[in-house]
Amino acid sequence: MAIRMDGKKIAAEIRGELKGRVEALKARGIEPCLAVILAGDDPASKIYVRNKKRACEEIGIRSLEILLPESVTEQELIEKIRELNEDRSVHAMLVQLPLPRQIDSLKVLDEIAPEKDADGFHVVNAGRLFTGRASVLPCTPAGCMELIHRAGVEVSGKTAVVVGRSNIVGKPMAQLLLNENATVTICHSRTRNLGEITRKADILVCAVGRAKMVTGEMVKPGACVIDVGMNRLENGKVVGDVDFESVDEVAGYLTPVPGGVGPMTIAMLMQNAILAAEKHG
Ligand code: NDP
């Protein structure tokens, strides 16, 4: 059986650590504030926003929820972001993805002032990460790195494989591993012989969105396997991209789903909001 990388427990520890930083800010007269914009009524997005709000409340960050209708125009959304950019009481913000169809997400995300970009998706922050001058890290990849570090898994010199190349998970994840001197391969939907590649990985990160696609025979014995995927089955159960039972037999370290990467993502979001308040409050 692989060693569990318990994201739920580690995220609770991190939130505990962050509380102290919030108190220190408040003692300086700064109340950190995270604004969350939710456009439309996607049920999964509503749950994510609720969880983020709850985490804010727990550690003492003020959370500002901005709910916009599914029919919101790109211009209206941009105007809201500009208003929050100007608001000195708001230190960080995020726009919950996915956005309604009529809206160009990349254009909207680039309207957020880079210093208030809680998700680290702004093109300037992406560029900083890719040129080794990162100031804010995308939350999910940062959470995965934290899990790897806290498990004591060495990264430097290791072979790492990231399955998935999205701007918000796969690509920044690969870059973070590269920044720590792993030798990194990125796989995607056109990759041939996926199993042959994943089997070489000392560190394997799966961020695809296909239930249980990575099975035990695709994993190197002893590997550290991070499962980012969150897939809801017809019976309502949420499972990862990794087939937990078969991979558990082979891997050295493994994240559960739920309770692995998900809570870490929110903890890293809280950290980004606090960092923004510390730097620019
Ligand atoms: P995207 O849909 O944006 O990206 C999925 C990636 O998987 C793409 O790069 C795609 O390749 C690749 N892919 C699709 N099919 C295959 C295949 N058969 N073999 C190899 N690669 C494939 O998803 P996200 O990156 O946004 O999210 C990935 C998963 O992580 C989802 O389940 C999502 O719910 C979850 N997630 C979880 C978070 C958490 O906090 N736990 C946070 C964010 C996401 P191509 O580029 O060629 O299309």
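Counting begins at 1 with the first residue displayed.
Every residue, even glycine, has its Cβ placed from backbone N, Cα and C.
Record features, source TrEMBL:
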- 5-119: domain 'Tetrahydrofolate dehydrogenase/cyclohydrolase catalytic' (DOMAIN)
- 138-280: domain 'Tetrahydrofolate dehydrogenase/cyclohydrolase NAD(P)-binding' (DOMAIN)
- Gly164, Arg165, Ser166: NADP(+) binding site (BINDING)
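Feature annotations (TrEMBL) mapped to structure.
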{"residue": "Gly164", "record": "NADP(+) binding site", "contacts (Cβ under 8 Å, 6+ apart)": "Gly170, Cys187, His188, Val205, Cys206, Ala207, Val208, Gly209, Val228"}
{"residue": "Arg165", "record": "NADP(+) binding site", "contacts (Cβ under 8 Å, 6+ apart)": "Lys171, Ala174, Ile186, Cys187, His188"}
{"residue": "Ser166", "record": "NADP(+) binding site", "contacts (Cβ under 8 Å, 6+ apart)": "Ala207"}
Would you report the average pLDDT that the model assigns to the domain 'Tetrahydrofolate dehydrogenase/cyclohydrolase NAD(P)-binding' (138-280)?
98
The domain 'Tetrahydrofolate dehydrogenase/cyclohydrolase catalytic' (5-119) - residue tally per DSSP class, helix then strand then coil:
59 helix, 19 strand, 37 coil
With the NADP(+) site defined by Gly164, Arg165, Ser166, which remaining residues of that chain have Cβ atoms positioned within 8 Å of the Cβ centroid?
Val162, Val163, Asn167, Val169, Gly170, Lys171, Ile186, His188, Ala207, Val208
Residue distribution over DSSP helix, strand and coil in the domain 'Tetrahydrofolate dehydrogenase/cyclohydrolase NAD(P)-binding' (138-280):
57 helix, 26 strand, 60 coil
